[in-house]
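What TrEMBL records for this protein:
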TRANSMEM  75-95  transmembrane segment
TRANSMEM  107-124  transmembrane segment
TRANSMEM  136-153  transmembrane segment
TRANSMEM  160-178  transmembrane segment
TRANSMEM  184-209  transmembrane segment
TRANSMEM  221-241  transmembrane segment
TRANSMEM  281-300  transmembrane segment
TRANSMEM  328-346  transmembrane segment
TRANSMEM  352-372  transmembrane segment
TRANSMEM  384-411  transmembrane segment
Amino acid sequence: METSRAFGICQCLLFSSFLLDLTLCPHSKVEESFQLQATHDLIYFGIRPALFGNDDSSETPYDHLQYPGVVPRSFIGPGLLASICTVLRLLLLPVMDIAQHPMMMQFLSRFCLLSILVFSWSQFARALDKKFRGAGAWMLLLTACQFHMPFYASRMLPNVFALAMVLNSYAAWIDANVSRAATLLVVATAIFRCDLLLLLGSVGLVWLITKKLSIVQALKIGVASGAISLLLTIPLDSALWQRLLWAEGEVFYYNAILGKSSDWGTSPWHWYYSSALPKSMLLTVLLVPFSFLRIVEYLMGLERRVRKASSSSSSVVVNLRGLLDRQWLEYLLPVLGFVTLYSFLAHKEVRFIFPAIPMLNALAAVGIQRLSSLAFPAKGKERMLIASLAFYCGLFCILASLIGSLTFVAVSHQNYPGGDALLRLSVHISNLQLPPSTELHVHIDVASAMSGVSLFGQRAAEAQTKDVNWIFHKSGYEEEHSLEASAGREIFTHVLSEDANFSPDFHVIDTIQGNPSLNLRKFRIHTTDAIYVLERIDWGQQYR
């Protein structure tokens, strides 16, 4: 690929891919809940209630104090996004107050995260381009054609915030700025994801073996970067959680020391290699070996020798020397070490190995760039059939991955029935002629809350029907709230539930499809009734 122009085009393609996924799937899932709700609270309430409010969690406007979750998470990421959104809101005030449009604010906050990821990928791609000309553009293209990286680029997970720092760390590593690379990894580990210790250990070992970093330097970087990270995260998180804590320290203790992560399900040891990585990279994973194995060059040489042997009636000598390109093993082995170490933990999720995918994409990009150079040699050099065939097979892998990715996005589009249900309920209420100050008591069950209902969505419903007082009731988030549904059911006017027979006092006014699955034989997306919007019968009769 022609470098500067191709790089810009592929940058735009990456941005477009990220933005398409955000636009088609604007709602969030339960694993994003804390970061998204925290961003909402910091945008609309700021940090002042934490500093000057009372100690009663029932009176606080913060969602995380009412529904704290299993382990605390850091507010550094949500705080950054909320700060950017607040600045953008102030800049847009002469035109409109975007805070009055909560779903636009949710989109904006996720767009800000997306932009950070695009910048970080671009930094990594530029560094790769310096080391292997043309590979940076290919890496951006490969990433844009995959599913997981574009889909999660705007999703508020600690893994995604950490990924931005990992990408910049990889860029520094390839630029031979190991001190900066190590610093970024330490900060990401201390603030966002304690499991990056595994990556830090495997990469750090390579740096020590190759003498790019001494033990003394490593200790200095670790202590200094760790101390600065703790000085950033502990005061902010302690203020917002209203107790002294180091969020990732508690996560590490809960998952690694107590071993509680396995309570959320287990997978076989080979799952990352047999399922997660192939699903994440799709067919582009087949390009990785071409970065460190000169397979095509070897076959081209063998073809030449066969031609010479056939013309001179001499025997063919097979020479495997030079088949291995060792310069890229320095980057491959630590990443595989990270995935292997993580494989020993029983609980597995694709997002846990996000840090491995960028480097594997980089190696796949080196592979396809190498095939491109062989397929289209410099003027005067012989063009070999095997090289052209290999290159076009590589292009097929990229195209097939793009088709697979678009299919997965189409399926995921149907996977947020809770968010859609709340939107449909707000439209229904806005079409009714309700007297001022009418109170709505909306019960949101666990399935709805886990599939798209957010504080932004709740605020949007309130904004759409300004004369109506919306009161939302959630149950099942924490053990102590599990009796709320049965104890206070008589006050509910509306319910979002996966159970159509929630109560004989309610009737279904809308049904949201969800639980999508792909029927490959018919090539259709099959959905089922997932969330029901229910209305109290006597309440509905009163206002019709």
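Glycine is no exception: its Cβ is also placed from the backbone N, Cα and C atoms.
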Distal contacts, the transmembrane segment (184-209) - CB-CB under 8 A, six or more residues away: 74, 76-77, 158-159, 161-162, 165-166, 168-169, 172-173, 178, 215, 218, 221-222, 225-226, 228-230, 232-233, 248-249, 251-252, 255-256, 330, 333-335, 337-338, 341-342, 352, 355-356
The transmembrane segment (160-178) touching the transmembrane segment (107-124) per 3+ Cβ pairs under 8 Å rule: yes
Range from 221-241, 328-346, 384-411 with most C-beta pairs under 8 A to the transmembrane segment (281-300): 384-411
Long-range Cβ neighbours of the transmembrane segment (384-411) (under 8 Å; 6 or more residues past either end): 20-21, 24-25, 141-142, 145-147, 150-151, 281-284, 286-287, 290, 296, 299-300, 303, 367-368, 371-372, 374-377, 516-518, 525
Long-range environment of the transmembrane segment (160-178) - Cβ separation under 8 angstroms, sequence gap at least 6: 35, 76-77, 113, 116-117, 120-121, 123-124, 126-128, 130-131, 152-153, 184-185, 187-188, 192-193, 196, 199, 203, 207, 212-213, 331, 354-355, 358-359, 362
